[in-house]
Structure formats: structure tokens, C-alpha cells
Amino acid sequence: MVNPTTSEVQPTMGVKIFSAGVSACLADIITFPLDTAKVRLQIQGEGQASSTIRYKGVLGTITTLAKTEGLPKLYSGLPAGIQRQISFASLRIGLYDSVQEYFSSGRETPASLGNKISAGLMTGGVAVFIGQPTEVVKVRMQAQSHLHGIKPRYTGTYNAYRVIATTESLSTLWKGTTPNLMRNVIINCTELVTYDLMKGALVNNKILADDVPCHLLSALVAGFCTTLLASPVDVVKTRFINSLPGQYPSVPSCAMSMYTKEGPTAFFKGFVASFLRLGSWNVIMFVCFEQLKKELMKSRQTVDCTT
């Protein structure tokens, strides 16, 4: 992600992974209500999720959830979300530069677009497989409603892991890996590569210095591009993960059912919520990530100088 100047020390792989994990967790805590609103909007209109309550827009969904199910509902599934970022974002973001450098080893020129995309594909794919159980639990906790006397499927995050593994199967914790892999390959490549290219263009053309305003603008552009490309796969992933056993035989059948029953616009349900969430998440995560890397390396230099 644009190498630091010669006067700066390159962050180590450990610093990048730690910084990515901490920054992603902070971003998740702040933006989680938007993510919950996105999930509710995405499953709206689905058979098992239908109810007398209709969600209208992002703020309307958040307000309705707070009024009908209580403010804590906006953070239902947060522990799984934090676990997801620790196991997922720390790897896909923290390893991106190192994998990119590996693909570019032996070359004096900067990493090509192909190398950047390859790095995004590899880190995103590995992270999805490791973090998929946390994604399944997070989505199900966000989707379940406590209204109309409906008994919730899960009483908490760890109860959800246990119930899913014992009543469905252990493999169900990896349910939806295919659409989630597709989604996160798109997200990882688009998000990291767009951020990398945008930041590089701003810094190399001396439009902005490699500082907070540059990181903020690059993150916003990356967030919009990512949401636009990933939204259809994201909706299918959410529907499939949240589905009851046997409701959809496969991922394609889930997508086809959405198309025939709700039309093509169903694939962009919750788009505004997705952008608000991903855009703000990107800004918080990337700005914190860049600053934390710098501060950790400064601290390390200070320690090295005193020893």
C-alpha cells in the first residue's frame, strides 16, 4: 500500500497483522448497527423472514429495531463480529502487502495490477475459510427476531456455535462459504486494490500527502466501488446463510429464487446501508490502520535506540 519514504522504517508483518486486526475491530464496533440494518433489509421479503413490520431505509430500519426489539438488538452478534475481524480482517489486510511483495520479488519496478489482484485473491480466500464460522453466527444473530412470541434460535453467540454444530452439523458453520468466498474475493480485490491505487495516485502525483486526508478519500472511493460490485453476492450470501435447512438446495437456487420471486432489484437490497456501513468502516479502519502502523514502528524505533 504505497511504500513509506526512505526515512521511514517498513512495518513488519506482525505490526501489519496486529494493526489490521485492532483497526477492523474498532471499525466494526462503531458501524455494527449499520451492518445489522443491512442484514435485516437484505432478508426482507424472504418467506421465513416476512412479518408485519416493514423496514424502510437505513435510519428507518435502525429506528424500528430500536423501538420494537430494543437498542441492544442493534449489536446482536457483535462478539461474533469481533471474532470475525480478528480471524479475518487481520489476515486479509495484514498479509496483503507481504503477499504482494512475494509476487513481485526479484523485480525493481512497483507491483503490477496483476500482482495486487493476485495478493487480494489469495489473502481474501484464506481469510474467508478461517473466519467463515464467525460469519455464519454473526448473520444468524443479526437476523433473528424476538417479536410476535417467536422463540429465538440462539440465546447468545457461543450458544449459537453449539446449537448450529449439534442440531445441524459442524459443517453448517461453513455454510455459505462459496458465496462468501465470491463476495470477499470481490471485496478484498476491489477494496484493497482500489485503496492502494487511489492512495498511490494521490501521493505520487503530489495531490495529497500520505496522511489522514489521503487515507480518508482513498477509503471512501474504495468503499463505494466495493459496495457496487459486491452487493448482489452479499445479498445471496446473507439469504443462504440465514436459511433454514433444506430451504435452498444450493447457492444458485437461492439466487434464482430471489430473481423469480422478487426481481433483479432484490440483489441490491440494503445497498445504501451496505455503502454507509462499508464506506464508514473503510474510513475508520484504513485511517486507524495507517496511523497505528506508524505509531507502532515509532515506538519500536524508540525502544531499539534506548537498548
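The count begins at 1 with the first shown residue.
For all residues, glycine too, the Cβ spot is worked out from N, Cα and C.
Per Swiss-Prot, the features are as follows:
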{"type": "BINDING", "residues": "Lys56, Lys269", "note": "fatty acid 16:0 binding site"}
{"type": "MOD_RES", "residues": "Cys254", "note": "cysteine sulfenic acid (-SOH)"}
{"type": "REPEAT", "residues": "11-102", "note": "repeat 'Solcar 1'"}
{"type": "REPEAT", "residues": "111-201", "note": "repeat 'Solcar 2'"}
{"type": "REPEAT", "residues": "210-295", "note": "repeat 'Solcar 3'"}
{"type": "TOPO_DOM", "residues": "1-10", "note": "topological domain 'Mitochondrial intermembrane'"}
{"type": "TOPO_DOM", "residues": "33-73", "note": "topological domain 'Mitochondrial matrix'"}
{"type": "TOPO_DOM", "residues": "97-116", "note": "topological domain 'Mitochondrial intermembrane'"}
{"type": "TOPO_DOM", "residues": "134-178", "note": "topological domain 'Mitochondrial matrix'"}
{"type": "TOPO_DOM", "residues": "196-212", "note": "topological domain 'Mitochondrial intermembrane'"}
{"type": "TOPO_DOM", "residues": "233-266", "note": "topological domain 'Mitochondrial matrix'"}
{"type": "TOPO_DOM", "residues": "290-307", "note": "topological domain 'Mitochondrial intermembrane'"}
{"type": "TRANSMEM", "residues": "11-32", "note": "transmembrane segment"}
{"type": "TRANSMEM", "residues": "74-96", "note": "transmembrane segment"}
{"type": "TRANSMEM", "residues": "117-133", "note": "transmembrane segment"}
{"type": "TRANSMEM", "residues": "179-195", "note": "transmembrane segment"}
{"type": "TRANSMEM", "residues": "213-232", "note": "transmembrane segment"}
{"type": "TRANSMEM", "residues": "267-289", "note": "transmembrane segment"}
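Confidence in the topological domain 'Mitochondrial matrix' (233-266), given as mean pLDDT, stands at 90. Neighbour density for Cys254 (cysteine sulfenic acid (-SOH)): within 10 A of its CB lie 23 other CB atoms from the protein chains shown. Around the Cβ of Lys56 (fatty acid 16:0 binding site), a 10 Å sphere holds 11 further Cβ atoms from the protein chains shown.
Long-range Cβ proximity for Lys269 (fatty acid 16:0 binding site), meaning a same-chain Cβ under 8 A and a gap of 6 or more residues, is found for Leu41, Gln42, Gln44, Gly45, Val235.
Each residue in the topological domain 'Mitochondrial intermembrane' (97-116) gets a DSSP state, and the totals come to 11 helix, 0 strand, 9 coil. Long-range contacts of the transmembrane segment (117-133) within its own chain (CB-CB distance under 8 A, at least 6 residues past either end) are made by residues 83-84, 87-89, 91-93, 95-97, 99-100, 102-103, 111, 161, 173-174, 176-177, 180-181, 184-185, 187-189, 191-193.
Tertiary proximity for the topological domain 'Mitochondrial matrix' (33-73) is limited to same-chain residues at least six positions away from its ends with a CB under 8 Å from its CB atoms, namely 81, 139, 142-143, 145-148, 234-235, 238-239, 242-244, 247, 261-262, 266, 269-270, 272-274, 276-277, 280. Listed as Cβ neighbours of the topological domain 'Mitochondrial intermembrane' (97-116) (distance under 8 Å, sequence separation of 6 or more from its ends, same chain) are residues 1, 13, 16, 122-123, 192-193, 196-197. In the three-state DSSP reading, Lys56 (fatty acid 16:0 binding site) counts as coil. Within the topological domain 'Mitochondrial matrix' (134-178), the DSSP-based counts of helix, strand and coil residues read 29 helix, 0 strand, 16 coil. Long-range Cβ contacts of the transmembrane segment (11-32) within its own chain (Cβ-Cβ under 8 Å, at least 6 residues beyond either end) map to 4, 74-75, 78, 81-82, 84-86, 88-95, 97-98, 277, 280-282, 284-286, 288-289, 292-293, 296-297, 300.
Broken down by DSSP into helix, strand and coil, the topological domain 'Mitochondrial matrix' (233-266) contains 25 helix, 0 strand, 9 coil. Tertiary neighbourhood of the topological domain 'Mitochondrial matrix' (134-178): same-chain residues 35-36, 39-40, 43, 49, 51-53, 68-69, 73, 76-77, 79-81, 83-84, 87-88, 128, 237-238, 240-242, 245, 251, selected by CB-CB distance under 8 Å and a gap of 6+ residues from either end. Here the Cα atom of Cys254 (cysteine sulfenic acid (-SOH)) is found 23 Å from that of Lys56 (fatty acid 16:0 binding site).
Across the range of the topological domain 'Mitochondrial intermembrane' (196-212), the DSSP-based residue counts are 10 helix, 0 strand, 7 coil.
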